[in-house]
Amino acid sequence: MEDYVKIEKIGEGTYGVVYKGRHKSTGQVVAMKKIRLESEEEGVPSTAVREVSLLQELKHPNVVRLLDVLMQESRLYLIFEFLSMDLKKYLDSIPSGQYMDPMLVKSYLYQILEGIYFCHRRRVLHRDLKPQNLLIDNKGVIKLADFGLARAFGVPVRVYTHEVVTLWYRAPEVLLGSPRYSTPVDVWSTGTIFAELATKKPLFHGDSEIDQLFRIFRTLGTPNNDVWPDVESLPDYKNTFPKWMEGSLSSMVKNLDKNGLDLLAKMLIYNPPKRISAREAMTHPYFDDLDKSTLPAACINGV
């Protein structure tokens, strides 16, 4: 820790306080995340340190770089590259009655998918994607923060400040208590974020797990074994759930064209193996008119 100096507190992350800091000798500005864990008496589990150290290998223009993992007494500090703006703040800053430029929506979504595909190829899930951990710079680049932390530290029900962790972007298989889930959970979250990029409003904003599920069901219909094999045997599925018919996604997400709505629907398919993958989504016709050569990952993809 002696290599870094804290400048100011910049927020409360899922796992602890986040500071803006500076590397003493290079002057590089960084984000310093102090990890507080439930079982702090025993210190940080070595498994968590191992897991999180592996994340230093995730080097991609659309993934926030983990620069260093430091221990101080029983505290763990994660040192990340610094970006000053997140997607939630940016969406909140757009004046009432105005919306994000449709081409920027497309560019951001494509870049998010690039980052997710990169991590998924390396068998790293996010599990907690939301606008607050999508960071943006002033050049149109968007980066995913906190990739892999859920596996290292778990996803807490509450932030350490007792603020409830948002459920708005959580996939239905997670909400229904599936013991096994995989990369499709991140695609679902990205779909809900896609809708929010277009409308500035969360697509499904539940205030409890059951309210969250019912908001999804009201729009997409209550799932059963016909549309999602074995859903009825998931731990938190109840046969007493109200049986809603499928509603209209297009009436809720008015700012997307036909291709955009088609891609969104494919990202919000109930049955996880049938849900479009990040890689497949990147080849969807919605992106045909996006100039991918200007995107930050173009150089590594040989676009």
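Numbers here mean position along the shown chain, with the first residue as 1.
Just so it is clear, glycine is given a Cβ too, placed from its N, Cα and C backbone atoms.
If you look up Swiss-Prot, you'll see ASP128 marked as active site, proton acceptor. For the recorded site, ASP128 (active site, proton acceptor), the DSSP three-state label reads coil.
Annotated ATP binding site per Swiss-Prot: ILE10, GLY11, GLU12, GLY13, THR14, TYR15, GLY16, VAL17, VAL18, LYS33, in sequence order, evidence recorded as sequence analysis. Secondary structure at VAL18 (ATP binding site), taken from DSSP and collapsed to helix, strand or coil, is strand. Remark: VAL18 (ATP binding site) has LYS9, ILE10, GLY11, GLU12, ALA31, MET32, LYS33, LYS34 as non-local neighbours, by Cβ distance under 8 Å and separation of at least 6 in sequence.
Look at Swiss-Prot and you will find 4-287 tagged as domain 'Protein kinase'.
Among the features that Swiss-Prot reports, phosphothreonine is placed at THR14 (among others), with the record citing similarity to another entry. THR14 (ATP binding site): 23 other CB atoms within 10 A of its CB, across all protein chains.
For TYR15, the entry in Swiss-Prot reads phosphotyrosine, with the evidence type similarity to another entry. When Cβ atoms from all protein chains are considered, those within 10 Å of TYR15 (phosphotyrosine) total 23, not counting its own.
The phosphothreonine annotation in Swiss-Prot covers THR161 (among others) and rests on similarity to another entry.
In this record, ATP is bound by ILE10, GLY11, GLU12, GLY13, THR14, TYR15, GLY16, VAL17, VAL18, LYS33; the longest C-alpha to C-alpha distance in that set is 14 Å. For ASP128 (active site, proton acceptor), the same-chain residues that are 6 or more apart in sequence and have a Cβ closer than 8 Å to its Cβ are THR14, ASP146, LEU149, ALA150, VAL155, VAL165, TYR169, SER189. Neighbours of the ATP site: apart from ILE10, GLY11, GLU12, GLY13, THR14, TYR15, GLY16, VAL17, VAL18, LYS33, residues of the same chain with C-beta atoms within 8 angstroms of the site's C-beta centroid are LYS34. Scoring each of the binding-site residues (ILE10, GLU12, GLY16) by how many neighbouring Cβ atoms lie within 10 Å, the top position goes to GLY16.
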